[in-house]
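Participant: The annotation domain 'G-protein coupled receptors family 1 profile' is assigned in TrEMBL to 36-261. Among the features that TrEMBL reports, transmembrane segment is placed at 20-45, 57-77, 97-115, 136-159, 171-192, 213-233, 245-263.
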Amino acid sequence: MRRNLRFTLTAFPALLELRISLFVALLLAYTLTAMENIIIISLIWTDNHLQTPMYFFLSNLSFLDILYTTVITPKLLACLLGEKKNMSFAGCITQTYFYFFLGTVEFILLAVMSFDCYGAICNPLRYTIIMNSRACLLMTLGCWLGAFLPVLVPTIVVACIDTRLTEKVNFLLSALVILSSLAFTTGSYVYIISTILHIPSAQGRQKAFSTCASHITIVSIAYGSNIFVYVRLNQNQSLDFDKAATVLITVVTPLLNPFIYSLRNEKVKEVLREAMNRIHIHSAKV
């Protein structure tokens, strides 16, 4: 009894220190994610140079990343330092629904973005006709509507007592959403890479590859982590790996997306520099 008490008293400060460190790291990541994505959205919607389909979809991706992290991170932060760590059944179901709903929207949006890239590289003469503002709006709306029913069913089944049924439903719907969108994205990039390889100039090929490289990186991270976590019949295996992958999906990926996809883009960096210069000039006048 005394040994257990001594161990508890010794371990408590270390556990508290670990929780504080995790709290600070997650709070910093959440704050940076929100700031980065808000900057990207503001630049795209206020600058005429970025009023193109690619940047329109990028602004939607940034908006999704803000919502995605907001569904999980604030509650996680509260649990790390707060005494009350439980959640009501209604709160759990609501969080589960929006977590998977927003994740599904992002997968469909990534597939739409791959189609946009396909149109820009493989069919440049008709690109502006195909990807007009109405088509972009309808595609974005389709991403949100297309994620509604595939997520609603497993969220309702979560309340079922038979966990095996829940696992099977989750596996089937996860496979349907993730693998079908992955197949569409892969097919688009097969055509894209084939077209790029037929570009005669090396400079043209390099420019085309650089346009697609960021999207391929994000797609690889998103699909890879989610396939390992959700597209498995037995969800009880590899718990430690699942935890690491879940942190990657919820916290790390939305934090890195603005750097990978937008802030490494020369046009976005140019617009950002111009905006910073305008702010500096305005503050100097004041």
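Note: Cβ is positioned from N, Cα and C throughout, glycine not excepted.
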Participant: I need to check the long-range neighbours of the transmembrane segment (245-263): which residues 6 or more away from its ends have a CB within less than 8 Å of a CB in the stretch?
Facilitator: 26, 29-30, 32-33, 36-37, 39-40, 58, 61-62, 65-66, 68-69, 72-73, 103, 214-215, 217-218, 221-222, 225-226, 228-229, 269, 272
Participant: Should anything in the same chain at least six residues away from the transmembrane segment (171-192) have a Cβ under 8 Å from its Cβ atoms, list it; otherwise answer none.
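Facilitator: Tertiary neighbours of the transmembrane segment (171-192) are 104, 107-108, 110-111, 114-115, 117-118, 121-122, 147, 150-151, 153-154, 212, 216, 219, 223, 226-227, 230-233.
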Participant: Quick one: mean pLDDT on the domain 'G-protein coupled receptors family 1 profile' (36-261)?
Facilitator: 81
